[in-house]
Amino acid sequence: MNVPIEYFVLLSMALFSIGLFGILTRRNALMFLMSVEIMVNAANINLIAFALYHGNLTGQVFALFVMALAAAEVAIGLGIILVLYRNFRDVDVTVPTTMRW
Amino acid sequence: MMIEALLAVTLVGALVTFVAPNRIAGKLAFGISLIPAALSLWMFTAFDGSGNALLDGELAFESQFEWIQLGDYTISWLVGLDGISLPLVVLTTVLTSLAIMSSWTPIDERESQFYGLVLFIEANLIGVFTALDFFVWFIFWEAVLIPMYLLIGVWGGPRRKYAAIKFFVYTNVASLLMFGAFITLVFGLGDVTSFALPEIATAMLEGGPDGFAGLGGSALASVVFVAMFLGFAVKVPVVPFHTWLPDAHVEAPTPASVLLAGVLLKMGTYALLRFNFTMFPEQVEAYAIPIAAIAVISVIYGAMLALAQTDLKRIVAYSSVSSMGYVILGLVAYTQFGVGGATFQMVSHGLISGLMFMAVGVIYNATHTRMVTDMSGMADRMPVAVGILVAGAFGYMGLPLMSGFFGEFAIFFGAFGSGLLAYSQLFTSLAMFGIVIVAGYLLFALQRTVFGPYHLETDYDVGRAPLHDVAPMFVLLGIIIALGVAPELIFDMITDAVDPILENGGDA
Amino acid sequence: MEGLFDYAPAIALFPLAAFVIALAFGPKLPKKGAIPGIVATAGSLALSLAMVAAVAGGEEGYYHTTLFTWAAGDAAGEVGEGIEFTFGILIDPLAALMLVIVSLIAFLVHVFSLEYMNAEGETGLPRYYAGLGLFTFSMLAFVYADNLLMAFMFFELVGLCSFLLIGFWFRTRSAPSAAKKAFLVTRFGDYFFLIGVVAIAATFGTLQFAGDDSFVAAAEAAIDDGGQLFGFDAETWVTITGLLVLGGVIGKSAQFPLHTWLPDAMEGPTTVSALIHAATMVAAGVYLVARMFGYYALSPTALAIIAFVGGFTALFAATMGVVKDDIKQVLAYSTISQYGYMMLGLGVGGYVAGVFHLMNHAFFKALLFLGAGAVIILMHHEQDMWKMGGLKNKAPVTYYTFLAGALALAGIIPFSGFWSKDEILYDALIVGTEQPLIMAAYAMGLLAVFFTGFYTFRMVFLTFHGEPRSDVAEDPHPVGWAVKFPLIALGVLAVVAGVANLAPVAKLTGLEIEFLNEWLSSGVEGTTYVAYTDALAAVYDTGYIGTESTTVLIAAGLSLLLAFSGAGLAWKLYNVPEPVAHKERLGSVRETIESNYYQDEYQVWLAEGLTLPLARAADRFDQTVIDGTVNGVSSVSLFGSDRVKRIQTGIVTNYAALIVTGFIALVIVLGVLGGWFL
Amino acid sequence: MAVFELPDWAALAPALILVATALALFVIDSINPHTKNRSLLAGTTAVGSLAALGVAVWFMVAGVGTPTAAGGRGVVELFGGQLVVDQMALFFMTVVSVVTALVAVASYDYMGDHAYQAEYYSLMMLAATGMATMAAANSLVTIFIALELASLPSYALVSILKDNRGSVEGGLKYFLIGALSSAIFVYGISLVYGATGHLQLEAIADNLQGAGEYGGLLGLGILMLIGGFAFKTASVPFHFWAPDAYEGAPAPVAAFLSSASKAAGFVIAFRVFTTAFPLEPTTAVIGVDWTLAFIILAIVTMTLGNFAAATQDNVKRMLAYSSIGHAGYALIGLAGLSADGGEIVMGAAMMHLLVYGFMNTGAFLFVALAEYWGVGRTFEDYNGLSNQAPVACFALGIFMFSLAGIPPLGGFWSKYFLFTGAIQAATANSAMLIVAAALVVNSAISLYYYARLVKAVWIEDPVSGRDTLAQPTGLYAAIIFAAVLTVVALPVFGPIADAALEAATVAIS
């Protein structure tokens, strides 16, 4: 059985929107990070689905790259969140506002 | 390569002065400035050009080589002199030397930087009057801003910061407008593939632009003409774009004022002559009346403003606005005497206003005030300086046998009989009333400051001015009288360069 | 004889040299620059006399040369292709005569100054003599200028010199202000003059006074072929330009309404007043009219206006002279009045009469001023006539010379003034019989004679007769030869100068003794008296009351009668031991006259009550509206900047929100245009 | 010439040299952890980046990447067109490496007493490698990887001052916005892939028609890509990280990001939009001319950047906003593209990014110097610095006036060529006239605040009681070098213009 491509796109878009919503609402840095991950994965779904649709592997390969990079990004992110906590005693992203205007 | 030499000497001189120790900077700069002065005077004698630089005339000291290839368009280093630019170059170099000497007294801090900047200005001014490629010309045109900004800002009066930034931004915006307009024109001119002014001028006079972005050829020409006129109007300045001038003049240190009034204002009129009045004969004809109206308003309104001032420098500043009005009138007359007289007036006004600012400066050095109300009877204490001030004032009023009179007379005569400008007799007669008002405010100022019983609000003991303050003024006075008695000295070469312009319109 | 002409330039250059010397080395020179001045003016005088001889002797009868070209180019006018502005010399009988007058007066004034200025231990004498030198130079150059522009230029220089000399005592408040006023008022006149010059140049493409290529000839031609000039028919245009030039004349010759500067000009040293009034500045105006008389002769309107202004000024000024107490003030108003006569004369076509009176007036007015100067020396710089009196016996030379001048001024036969003034009035009368306007001018001129006689002798009596009315008058300061010599010289001239043109006698007896007539009848073609009379024939038609001789007698009789009655009245009122003021008899008029008909008031109001406030208003407008706009733009942008940067709240969640919003906005814009949502 | 023997992959030499330097630094660090040998580390970095610079310039001169038609050695394509070395690549490698060199030299003093020297330099080199690779990347895959390679070290660099709240906060904001943007970017990639079925740029271009009914999808994808670039180039609306990150970051890092990273962002934008989405076919598919997006972004970006900069009190922040403004100027390079050309405007944008590399880096390095002196961060704190440090302040004056585009300085040419190009582009698309007008207004504003800084150091009276200031060799050297480059750029602008214009011409055709 093969599912029409539109469904995958809709799914990924939904996922993407969820992630976006998370970014806009969550104040905890970690949740922020996770929301980003959700958005990236939405992209991954697209890639893989389209790879199937187009019948070439480029998408799938690239999806792997994306995951790896996402991991690296998280690594850096966690490091920054660490120092953030060390400096502000909090992981709320809305706390650091010493620089504005 | 003479012009390159001229520029190089001045630029190197500027650098050397900039790093020289403060003690000797003044003398050093003066010494250096004598070289370009001498060079330009030599060029004046050796001048072998003929015709107009833009209208395939014989250029003197021409040199050209390609610089930058911008797509299909070539930007080339192109410099040369014709009868219009040479007098202005000489004016620049001579006036700079004198201005430097006249600033030995007032400038007592960061001298090396000061004189370095003055020489830097000189170099750029020379460039403005010699460059014949649009981009090269524009580089010099804009580069003047930096040193002038610093001169006013660092060594200026109490409101110097305001005046400096105002001058800086105001004139730059105008330049951008003008630049954009001209570039549009160049792209509108189909077959032109370089920014060399002569080529563009030729293309303009043979057919004009094809049009640009849905705009018809003649419409484009008109738009560009107006935009460029506005751009230059700020630099000249003409009413109502003049308000930066009094502030800049009043706050600037004396030598800066001398250069500002003496040469910088001429950049605007020079550019008007080179661009608007050379490349757009039809538009000149179409817009003659509004332009003439602006000119007359500048003359009368500027003079009226001068009448209301109590600060000597402000008086001279506003009277510059007034005098520039004459120049515009002469240009729009579009006759040999009108345009030639206007060019002559540029030089003449440069000399006279320079003299006036020097004289005012000398009085200021002694009294530390420029307020008409603060002093009287200065003639009692500093007879020589005052004598020259009076002479300069009468020169400003257009006293015969001084250069100002010929400039004004030629303009009036040229404008009165202008075949291109409708109602020229009316415009001329109105503008001429300026000679009465100018006498009015200058004589009022003189009566209150230099005549009457000696009195001074500030407590300084006023003595005779030192020689190096007075000497430059004597030199200027000499030149002014020489040009007044024998204007042919430069008027011939000017008219020679002006005639080709008029052949494309107007009726000489 | 013509050879002499080659030295013509020197006439003007001598005083110029004196000017330079006095300015450069004055302080070191023995008499602070007086000697060079005297030598120079003496040289000029000698050369001028030589010129007269040459003009008389030469078969051509005049000298015209172009020294150098000032500027040349294409003219953009109605007529003429190219135009040349040149410096040139034109010495015809008129110029030669004027040269002599000017250099003579200048010479005498220099001499007089030796005592009047030097003796008083003045400071700044080099400046004084430099001024005199430049003044003489400018005037002489103006006199033999061969074209209108050159004339204008030196006309202006004359104005400058008057400014410098009137303001000689610059440490006072009044002198500089008077100097400023003199320059400004005349400048106002010169404004019209300059328009006139420009207009004439633009119209005819030449500014030559004389010869076939003169603008006069060109104008004549233009009128003859009746073309249009600048949209007017030729004669109107000639009238307009002529009147414009006349503006300068009215300013310089202190005619109504631009006469106000002259009385104030008394702030200058008396010697300077003598020079200004007799020979240089004020004379320049009338001389200019005479110089380009041919041009005015083409326009009856212009002539009529000249005549009327002249006549009016003559009376107007004379009435004001009646009530002055300061001896110099009286003379000042007499000057205005007398130049009014000259204008009247020229206006009615009495070319010779006008010039004649110009000459005589130069002599007797210089005499009177120098006399007044002498009196002032006697009186230790006291100028109020009411403090004088009884000087007659103490200073006989001064008295008798002054008296001679007074008689001439009052127009008492046979003194010089009578002959010229009578001739003017005669010419006015014969024209007036045909033209009511001129008749009015004549009437005013005639009436003025009475006032002239009155104030002149009021002055004489108050000054010299009666008892001394102050201590200084008791024992006056003695005067030396430097004062006496000029007085005597001029006194003689004042008495005999009339012989030059005894027109009435000639008309009655038929003797050929109108020397000035003949003198002025030679010269350049078209600028001679003869030519003018022809031209005027077309303009004015004259008529006699009865026969010519009766008319002559009536004219002379009337003026003499009035002169004598005026003098007589003065004699009755003031030739008493203890004269008293009789002003109150004038009643209500007095106030008006004493304040000079409020002429100063309204002109000062025009300057300070109208123009200055206007200027201040303009300044306020400039500062608030125009500059306000400029500053407004900048402050608005800065305010905008302050708002814009508030977007950066510093809270990263807001950033994300704004990013998304912005992005979505972009998506919507392009999406709608691209139709993606369909 | 030697180039003959070199294999194709050698064309990547600049990037390779950079990565090699990074590895070398790791080696040094692992041999001797906690080394404080600044000279060695900074030296290595500087040498490495200068070598990369040298090679890049050499290649350009030698004609590597120049189409054989133009008498060059031909464009080098690697890994099946995943990477390509053409003039544009080399041009931007030059920009990146010159900035890296300047920053490295400056860091010698600035990071003098920092605990993790080696990490700092190696991170910088890795970022530089990423940027250099971005210049050569020719497939959305490589582009994304290179972009992340450039970004991730940058996050770390910004927040490298671990105990400095500003640094950490800046890093956090930079990272969070970056994460968001890269998520959007990669989603955009997925959509493009979905619409065309390819990720290699030429392939995408060839298969645009295939997108057919997915036009909207493709358009959305393209916009999302733009989002990614906008983040990298600090353009509205993805610019929000820039002011905070620059202000918080160590000044040399700020210089590095604002110059090099911006340039790298632009090069991928140029490449993607010229190669993968040629105007006519793309418009045919998505129904709207994508230059419109860039026109809007350009106007908004330059306006917002300049206006926000005008009233800043903190110098570094002012420079940050001004760099946003300049991003707006450079965007004109894409906005001005049209079916029939636009090489002048795009070339001008490249020139501007190069000159900007000198002048903006120099300006930030002066801020670094000020921080090194510890005179403070606001305009007032800078008052009268010219009395103590005339040379550095002279250089600052040069940078400021050059940024303002006033001759006789390098900034003049590029800015006015952008202006010229914008006007020329208006022949094809009269909306560009609005852009030109916006440019005029903005440069007036920018003039105001640049002059304000000059006023502070040159005109204002010095702050009383400020003791004499040191003259750190490295910082001074870097600043003066940048200043000299900025000035010399004026007379010798010919070659620069030629290189940029040729690159642009090749890219567009």
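Cβ atoms are placed via backbone N, Cα and C, with glycine included.
As annotated by TrEMBL, transmembrane segment applies to D:6-28, D:88-108, D:120-137, D:143-162, D:174-196, D:253-273, D:285-307, D:319-338, D:344-370, D:391-410, D:430-451, D:472-493 (among others). Summarising the annotation, TrEMBL assigns domain 'NADH:quinone oxidoreductase/Mrp antiporter transmembrane' to D:137-437.
Counted over residue pairs 6 or more apart, the CB atoms of the transmembrane segment (D:6-28) and the transmembrane segment (D:391-410) come under 8 Å in fewer than three pairs, which marks the two as apart. Beyond the transmembrane segment (D:120-137), the same-chain residues lying 6 or more positions past its ends with a Cβ under 8 Å from any Cβ of the stretch are 12, 14-15, 18-19, 21-22, 25-26, 29, 41-42, 44-45, 48-49, 52, 78, 82-85, 88-93, 96-97, 100, 103-104, 107, 111, 114, 143, 145-151, 153-154, 156-157, 160, 253, 256, 260-261, 263-265, 267-268, 271.
In this chain, the transmembrane segment (D:174-196) lies out of contact with the transmembrane segment (D:319-338); the count of Cβ pairs under 8 Å, excluding pairs fewer than 6 apart in sequence, is fewer than 3.
Packing against the transmembrane segment (D:472-493) from elsewhere in the chain are residues 42, 98, 102-103, 105-110, 351, 355, 358-359, 361-362, 365-366, 368-369, 372, 391-392, 394-395, 398-399, 402, 407-413: each is 6 or more residues past its ends and has a CB under 8 Å from a CB in it. Under 8 Å from some Cβ of the transmembrane segment (D:253-273) lie the Cβ atoms of residues 88-89, 92, 95-96, 99-100, 102-103, 106, 124, 127-128, 130-132, 134-135, 137-138, 140, 143, 146-147, 150, 154, 157-158, 160, 201, 225-226, 229, 231-234, 242, 245-247, 290, 316, 319-320, 323, 326-327, 330, 333-334, 337, 346, 349-350, 353-354, 356-357, 360-361, 363-365, 367-368, 504, 507, all in the same chain and six or more residues away from its ends. Of the Cβ pairs linking the transmembrane segment (D:430-451) with the transmembrane segment (D:285-307) and spaced 6 or more residues apart, 3 or more are under 8 Å, so the two regions touch. Away from its own ends, the transmembrane segment (D:143-162) comes close to residues 114, 116, 119-120, 123-124, 126-127, 129-131, 133-134, 137, 168, 170-172, 174-175, 178, 182, 185-186, 189, 228, 232, 245, 248-250, 253, 256-257, 261, 264, 268, 271-272 of its chain (Cβ-Cβ under 8 Å, at least six residues beyond either end).
When Cβ distances are compared across the two stretches, the transmembrane segment (D:88-108) makes no contact with the transmembrane segment (D:391-410), since fewer than 3 pairs at least 6 residues apart fall below 8 angstroms. Counting only same-chain residues 6+ beyond the ends of the transmembrane segment (D:391-410), those with a CB under 8 A from a CB of the stretch are 322, 326, 355-356, 358-360, 362-363, 366, 369, 385, 416, 443, 446-447, 450-451, 453-454, 457-458, 476, 479-480, 482-483, 485-490, 493.
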